[in-house]
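Visitor: Relevant sequence annotations retrieved from Swiss-Prot are reproduced here:
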BINDING   Cys36, Cys39, His52, His58  Zn(2+) 1 binding site
COMPBIAS  324-333  compositional bias 'Pro residues'
REGION    263-343  region 'Disordered'
ZN_FING   34-64  zinc finger
ZN_FING   95-125  zinc finger
ZN_FING   165-195  zinc finger
ZN_FING   232-262  zinc finger
Amino acid sequence: MADEFGDGDTVELPVGKEAVDALIRENSHIFSDTQCKVCSAVLISESQKLAHYQSRKHANKVRRYMSIHQGEEFVSAKKFKAAPAESSDGDDRSKCCPICNMTFSSPVVAESHYSGKTHIKNLRLREQGGVTEGMLHQAKKLVVTRTPTIATKIDNRMDQSDPTKFCKLCHATFNNPLMAEQHYAGKKHKKQETKTQLMTIYTSSGHTPAQAPIAINVNSPLPGSGSAGKGFSCDTCNIVLNSIEQYQAHVSGAKHKNQLMSMTPLSKEGPPAAGGPSALAGPPSTGGALSSGGPSARGFSASGGPTPKGPSSFGGLPPMGGLMPPPYPPPHSQPYVREDMMGPDGYTYFNKDF
């Protein structure tokens, strides 16, 4: 039975239940039937307790614990918690060290920390009014937390008129002039600049479809606008092109020109020529006296038949039957005039026997 730890270099394993119980009684401040504080283990049964205290793993941790605390008296858990010398804000001393900003998984680890050089150094600095590592760590967290807010305020107050800090064309911000120079020399900025120049030339030309063969109506983005970089739009053909080369090829192609000519408004027609469609006789009027235009005004020819309305009546050509427009040449200087008669019922008719 090993009821003594010796100098901490060698630890004998207890054998049997009696040896384990004796070990627990002699070291009750770190061992118990339900918990091993050195290993931070919870023991829920008798068999588990025996297996744990008789294991080599437990013995190695006890040996390491003894080597750290060699020559020191064991401090009970109650005394360990009751020492408020270095506690802060009510925190448990065995769980965290506010001076070094460290947390512990067990009282053994906490005691090892408090006896180490780092804690002693930070404690001395705190007593002298210096800055400890825990204070530095907290200050770093505070700086990291406040940095995005400060950066946002700086961006909001940034002078966008300074080209070394902001590119209006690409909506890009720069931290230093070297970054701005690299941006302005890059392909992305040059492509955006060429696109804006092309759009400015086309939109400021002021040409109309009747004046220029390649007049366009483009809903182009203005320099520095938010719509920059989304393609080249041709409202005439209702398409969007991806590059400047495609746009130039489109506006110089036959499809765009045909679409442009189809949108050109037609000119108003002049008065019809003599003998045109307007020379056709209109529909006969109803009611009272007839006009003095003779039978041709009613749609009848001199022979008593209807006037033809075919293609021969266009272009000043004489109608079918050899009749010519007045004045008639001799011996036909007096054309036939129909005699209209008025009946007793008020209707107009012509005499067949005339």
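Glycine is no exception: its Cβ is also placed from the backbone N, Cα and C atoms.
Could you give the neighbours, burial and distances for every feature on this list?
Guide: Secondary structure at Cys36 (Zn(2+) 1 binding site), taken from DSSP and collapsed to helix, strand or coil, is strand.
Per-residue pLDDT, averaged across the zinc finger (232-262), gives 84.
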Visitor: Out of His52, His58, give me whichever of these binding-site residues has the highest number of other Cβ atoms within 10 Å.
Guide: His58
Visitor: For the recorded Zn(2+) 1 site formed by Cys36, Cys39, His52, His58, which further same-chain residues have Cβ atoms within 8 Å of the site's Cβ center?
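Guide: My list of surrounding residues reads Val38, Ala41, Leu43, Tyr53, Ser55, Lys57, Lys61.
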